[in-house]
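Feature list (source: Swiss-Prot):
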ACT_SITE  95  active site, proton donor
BINDING   40, 62-64, 93-102, 228, 246  substrate binding site
């Protein structure tokens, strides 16, 4: 685990070179939450209702915007308003995976207009470094209106059974991330990647943020190969933010479930940094 994982969120916010990462840690510290809820619902009404009800207890809401049957300006305006109201960030789990020219258009234009409302996006590096270069180029262009309010997570590992995102692919994810520190926030991975072999030397003060998916208190997996872990095990392996979907939104009482994940995630974080 990276030595940065032993620092508090507030300490990392003060020293982090990436402005969006600083904002992310500030939100976590202010709300005492490292929870990302994966709101995998299929209508704008359901999405905005969940965001409003769960907003006080989460640091980030993660969307799969292309599963909405009625995406519109109402979706964008509603998400942005609720992010302001409840002080959370929006992560669109688009998993960009195409040539650079295509992903630039998917991100900043296109039907979903992702750059307008998603603070955080993610991508696979299967297409090579060009995908990250292209997204960074778009976000850092002089005429890009959102500037430092946008950032990228590289999908370095997955929690599904039989995932091929391992070994040299994960190492390449670290290599590429180190070339774009002003845009790449960190990784979606099952652990801290500080010890992964890399051909790129780490920069002084390097502090990649780790989001870990598949966190569930009531299940160990599903019939489609998803493998779950607890907040304690995820944070113990280096996660800075835990992602839970069905464990929260499909619970009998999603608000109470969100509170439970918030409490357990925060207690696991305090144990990791040695706080009382």
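Glycine too: its Cβ is placed from the backbone N, Cα and C atoms.
Here the features listed in Swiss-Prot are placed on the structure.
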{"residue": "40", "record": "substrate binding site", "Cβ within 10 Å": "17"}
{"residue": "63", "record": "substrate binding site", "Cβ within 10 Å": "25"}
{"residue": "93", "record": "substrate binding site", "Cβ within 10 Å": "23"}
{"residue": "95", "record": "active site, proton donor", "Cβ within 10 Å": "14"}
{"residue": "97", "record": "substrate binding site", "Cβ within 10 Å": "15"}
{"residue": "99", "record": "substrate binding site", "Cβ within 10 Å": "12"}
{"residue": "101", "record": "substrate binding site", "Cβ within 10 Å": "9"}
{"residue": "228", "record": "substrate binding site", "Cβ within 10 Å": "20"}
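Across the structure, residue 228 (substrate binding site) and residue 95 (active site, proton donor) are spaced 20 Å apart at their Cα atoms.
For the pair residue 63 (substrate binding site) and residue 95 (active site, proton donor), the Cα-Cα distance reads 11 Å.
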